[in-house]
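Encoded as structure tokens, the structure appears first; notes follow it.
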Amino acid sequence: MSTVKEQLIEKLIEDDENSQCKITIVGTGAVGMACAISILLKDLADELALVDVALDKLKGEMMDLQHGSLFFSTSKITSGKDYSVSANSRIVIVTAGARQQEGETRLALVQRNVAIMKSIIPAIVHYSPDCKILVVSNPVDILTYIVWKISGLPVTRVIGSGCNLDSARFRYLIGEKLGVHPTSCHGWIIGEHGDSSVPLWSGVNVAGVALKTLDPKLGTDSDKEHWKNIHKQVIQSAYEIIKLKGYTSWAIGLSVMDLVGSILKNLRRVHPVSTMVKGLYGIKEELFLSIPCVLGRNGVSDVVKINLNSEEEALFKKSAETLWNIQKDLIF
């Protein structure tokens, strides 16, 4: 006797099991799952794979997402501890790592996370040799460098989430001060994703009107409106959120979704993400820092050459020095 399925459906051709737009997320903590839900709701993938070592949590997260399948358009959600589940991914998002503790700087995390990267990156590259790797784990700039070295991939295909979120926070806070939506407030933060990041006040504008032309002291210590405090708030944001709720998740998840969309859809949008800066702005070492990058299907296809003023260039070099002082002593 035929089954209900056989009576209902007549197969005409065999299914094509190969995903065309597969994304893997390594790490199913708060950040990984925020990335997952953001990507699913934006319909960026036809398959989403989750990888983690905590098998019960991993299965629970997978089932929870699968049960929401009616509400998004990703046809397949899989999970596993073995990296074979990630095979043939277009993008692999790395969120795994030791979580930042209250009061702990991103740089203090680095050595704890190096060993984790060594355990996962070779398997990622083995199963998805043509992928782009998007590193989100902190300290993201140094870990992106480490992932690049371990992976053997072209530098253009290993990208750190970098200052994409810092710049979003910057624009939000500028918008709050002006009463304007952040999409209409333009401003960039470059350098380290963290305490030594560099705000480019010279380029901050609304509708093409540079705020520096309205007040040349904007963003300086002598600025009576205290615009400089906005950058201080950007730096303190993560620490404050961690103190209040234990971790950051939603904003970084949305930021990652933004980057993934630019890559998969070949949008060639410009984002401040972490990439190799050796040879730029007088940097002589192999360092990854955020600068404006054009993102498309090949990863970082171009960088935008910003005309930094003397103060901004000095701060950028200081940011590079901060990272180099940690990176040069790493053992991996």
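Cβ atoms are placed via backbone N, Cα and C, with glycine included.
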Problem - phosphoserine according to Swiss-Prot, picked from S75, S184, S301 - result: S301
Exercise for the section: Could you work out which of the recorded positions (K57, R169, H193) has its C-beta surrounded by the smallest number of other C-beta atoms within 10 A? Expected result: K57
Fill in the blank from the handout: Sequence-ordered, the recorded positions among G29, A45, A49, S301 whose CA is within 10 A of the CA of N138 (substrate binding site) come to none
Handout entry: DSSP-derived class (H/G/I helix, E/B strand, else coil) of L41 (NAD(+) binding site)
Key = helix
Handout entry: H193 (active site, proton acceptor) versus R169 (substrate binding site) - Cα distance in angstrom
Key = 12
Problem - C-alpha spacing of S301 (phosphoserine) relative to K57 (NAD(+) binding site), in angstrom - result: 37
Fill in the blank from the handout: Closest by Cα to L41 (NAD(+) binding site), out of the recorded positions H193, T248, S301, is T248
Fill in the blank from the handout: Among G29, A49, V53, S301, i.e. the recorded positions, the one with its Cα nearest that of T248 (substrate binding site) is G29
